[in-house]
Amino acid sequence: MTIQNVMVIGAGQMGAGIAQVFAQAGLQVKLNDMKQEALDKGLSGIEKRLARAVEKGKMTDGEQKEAFARLSGTTKLEDASDCDLVIEAVVESMDVKESVFKRLDEITPKHAILATNTSSLPITEIAAVTNRPDQVIGMHFMNPVPVMKLVEIIRAIQTSDETYQAIEDMTKRLNKSPVEVEDFPGFVSNRILMPMINEAIYTVYEGVASPEDVDTVMKLGMNHPMGPLTLADFIGLDTCLYIMEVLHEGFGDSKYRPCPLLRKYVKAGWLGKKSGRGFYSYE
Ligand code: CAA
Ligand code: NAD
């Protein structure tokens, strides 16, 4: 199957980055969000990043214009009716994702592959709400998408080999490195990363050290590019909490219990960089 027309659903930090890399790789991309404001923000962010790439000499002015011309924005999910591939990157909630996949199953052509960028939710369960579970798959990009090389490709129990191969080929076409993963809570990336972040939050909660000092230990002591609390703010504390809840429920093991301080911050609306406040202030 040739994939040429793509829709990315959700124009937040992940969706906008995913749309950008597809457009740069020569595909026609529709970026969708239910909020016009989020869509405008997503598209203007892509334009700025492409302009910066030209300034840095990483692409020509012509390449930048061509990439941006391949992108369009829409608030109508129905515009996926001519798409060969859809990548969903909306909020990390099973209810929301299931309703998006049910609608996509009705709207998109029969051959279309439906992929989700979920960080942790079961792909098998998302696939089961469609009439094409063999064409549903996890395509998990890392943040920031234009920079990070990895894509975890997660097979639902129903995913066909043809679907897997098409997504592996597409990942390579995007100049990213695929890793094949089975459908278990948190996959590989977040099963390992998120308990470390949660433990860093417990360290602050228990008064062992300040957020700055916890981050300094991991940056200077372990050579991490960002400390775990800076990274948590960057990912979004709501997303971190959703992922810990999926791990906790999925494995039934108390070692994955989300730190009460993380819950408190999310309840306060302190979601990290995207809301202006998390473990650090961004105002
Ligand atoms: N979007 C796009 N590009 C960005 C960016 C962003 N938000 N932030 C930085 N960049 C680009 C810069 O433009 C720059 O590009 P060039 O090399 O082309 O000039 C490059 O990244 C390096 O940026 P900086 O020099 O400004 O900053 P840095 O060296 O500190 O790197 C970083 C920034 C790449 C984000 C680095 O700090 C890093 O790797 N952090 C860890 C990121 C990480 O762990 N991501 C995974 C999160 S977990 C996940 O995604 C899975 C999940 O489900 C939650
Ligand atoms: P975000 O909050 O930045 O963006 C989500 C966007 O989806 C918002 O603009 C919202 O308006 C839109 N949206 C919500 N419901 C919608 C619907 N029904 N239809 C259309 N648009 C809708 O979130 P994000 O950080 O980009 O995360 C998106 C997904 O990617 C989540 O599943 C998350 O777990 C996953 N993910 C996040 C990261 C990360 O570091 N933040 C990394 C990898 C994967």
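Positions of Cβ are set from backbone N, Cα and C atoms, glycine also.
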For the NAD(+) site, TrEMBL lists G10, A11, G12, Q13, M14, G15, D33, E92, K97, N143, K274; sort out which one of S72, S119, S177, S254 goes with them.
S119
Compute all pairwise C-alpha distances among G10, A11, G12, Q13, M14, G15, D33, E92, K97, S119, N143, K274, the residues listed as binding NAD(+), and give the largest one in whole angstrom.
21
Can you give me the same-chain residues 6 or more apart in sequence from N143 (NAD(+) binding site) with a CB-CB distance under 8 Å?
Q13, M14, G17, F234, I235
Cα distance, H140 (site 'Important for catalytic activity') to D33 (NAD(+) binding site), nearest Å?
19
In sequence order, which residues at least six apart in the same chain have a CB under 8 Å from the CB of H140 (site 'Important for catalytic activity')?
N117, T118, S119, V151, E152, I153, I154, F187, S189
Which residues does K97 (NAD(+) binding site) neighbour through Cβ under 8 Å, counting only same-chain ones at least six apart?
E88, V90, T116, T118, L121, I126
Tell me which of the binding-site residues G10, G12 sits in the most Cβ-dense spot, judged by other Cβ atoms within 10 Å.
G10
